[in-house]
Amino acid sequence: MKILDWSQLDGAAQTDALTRPVQTVAARTRDAVAALIADVRTRGDAALREITAHFDGVSLDSFAVSEAEFAAAEAAVPPELRQAMQDAVARIDTFHRAGMSGGYAVETAPGVVCEKIVRPIGRVGLYVPAGSAPLPSTALMLGVPARLAGCREVVLCTPPRKDGSVDPAVLVAARLTGVRRVFKLGGAQAIAAMAYGTESLPSCDKLFGPGNSYVTEAKQQVAQSGAAAIDMPAGPSEVLVIADAGAQPAFVAADLLSQAEHGPDSQVLLLSDSDALIGAVRAQLEVQLAQLSRADIARQALAQSRLIKVQTLDEAFAISNRYAPEHLILALREPRGWLAQVEAAGSVFLGDYTPEALGDYCSGTNHVLPTSGAARAYSGVSVASFQNMVSVQAASKAGIDGIGACALVLARAEGLDAHANAVALRMGVAA
């Protein structure tokens, strides 16, 4: 990893230091995804079979996972893994249940009541990537809030393996959260199928889940077309660590590597006011890399990442807020005291004993988070992500008589005569 001194960089160099590996979508990626989506919309399952054979190397007669396959998955998953997933589900449920809203009602004027009522989204589609490794934890993170929200139907897509099966742990994770319909589909084609529907898959109202640049681009394209809403831009993973001189170099290095091993397009950043800490972390990276099975992938990610020396921790937080990381680790002596300075981050991890990996798996928070700077305006997945808040209002005759004059003045100011007339008729006055 490159070591940079922030104070020695001009504006352009600072911008370059914070640029993600996948900051923009290449035109060819955009065009390829658009063509794939159009093919799925036109030819349905036939297109899915051809695309799956080409990209996943397997020919499928049926995309739906059968009951026999679910049973085989249950038998294949080791008891300790199943128990770990059950424990994670319990904590994810506890955290997400605590944040649920039941709506509210308020009388805004005598005889005028305004409400918010909560309704589940009817049918949702969950995407669980497999890429270089299956991610059953993502099935847990999406399935639990979908269940709590009360969605009528939940569909899950995950890429098939070369033998036409799906990773058993993903199937068990799906069942643990109540998901019954799982399809062997990956990539942009899965997004297209869930958005528009095919002979095998129903069209969904909203799509959830992370993925590579093709999946992220597909989600954005189907959302722009109005076919399905999406949770957020959720692309390659990233972490930013702010560490002081008292941080443990081995811990910091381990946190950086835990994100770097996700893929070559991941990005990890360290900001510290301590030259000694930066040097020690750099040395620890080499020590720990030698022990990793995915060292080659991690090295590719580290080649595009930075160790940045700052003058003060205040400067570090200013940089972090500008970057708006998916994951932000505060390896500081008084981490909670600095929390007030965090303005934009998907999820924050406080102190030396809160590795980002806990949030990935089992602390209870959700690991489906905004990336690529989207944390400035988006939040991570929650139960509310799977619900609609519907506005309701009711006015009595006394109510409209009391506030109608306000509506008349505003309607006339906007030149909307029919609006004014709809109020005036009920009030028994001239529009």
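Cβ atoms here come from the backbone N, Cα and C positions, even for glycine.
Worth saying up front: this structure is predicted, and the values here are computed from it rather than measured.
What Swiss-Prot lists as active site, proton acceptor is Glu326, His327. Feature annotation from Swiss-Prot assigns NAD(+) binding site to Tyr127, Gln189, Asn212. Positions annotated as substrate binding site by Swiss-Prot, on the basis of sequence analysis: Ser237, Gln259, His262, His327, Asp360, Glu414, His419. Taken from Swiss-Prot, the feature Zn(2+) binding site applies to Gln259, His262, Asp360, His419, supported by sequence analysis.
Features as recorded by Swiss-Prot, highlighted on the structure.
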residue: Gln189; record: NAD(+) binding site; Cβ contacts under 8 Å, 6 or more apart: Leu36, Val40, Ala47, Leu48, Ile51, Thr52, Phe55
residue: Asn212; record: NAD(+) binding site; Cβ contacts under 8 Å, 6 or more apart: Pro129, Gly131, Gly187, Gly235, Pro236, Gly263, Asp265
residue: Ser237; record: substrate binding site; Cβ contacts under 8 Å, 6 or more apart: Pro210, Gln259, His262, Gly263, Ser266, Glu326, His327, Thr371
residue: Asp360; record: substrate binding site; Cβ contacts under 8 Å, 6 or more apart: Ser137, Ser258, His367
residue: Glu414; record: substrate binding site; Cβ contacts under 8 Å, 6 or more apart: none
residue: His419; record: substrate binding site; Cβ contacts under 8 Å, 6 or more apart: Ala407, Ala411
Count the Cβ atoms, other than its own, that fall within 10 Å of the Cβ of His262 (substrate binding site), considering every protein chain shown.
24
Where does His419 (substrate binding site) sit in the DSSP three-state scheme?
helix
So how many other Cβ atoms are close to Glu326 (active site, proton acceptor), meaning within 10 Å of its Cβ?
30
His327 (active site, proton acceptor): tally of other CB atoms within 10 A of its CB:
25
For Tyr127 (NAD(+) binding site), which residues in the same chain are close in space, meaning a Cβ under 8 Å from its Cβ, but six or more apart along the sequence?
Leu156, Cys157, Thr158, Ala190, Ile191, Met194, Leu207, Phe208, Gly209, Pro210, Gly211, Val215
Between any two of Tyr127, Gln189, Asn212, the residues recorded as binding NAD(+), what is the biggest Cα to Cα distance in Å?
13
Give the number of CB atoms, excluding that of Gln259 (substrate binding site) itself, located within 10 Å of its CB.
28
Using the centroid of the Cβ atoms of Tyr127, Gln189, Asn212 as reference, list every other same-chain residue with Cβ within 8 Å of it (recorded NAD(+) site), in sequence order.
Pro129, Cys157, Pro159, Gly186, Gly187, Ala188, Ala190, Ile191, Gly211, Tyr214, Val215, Ala218
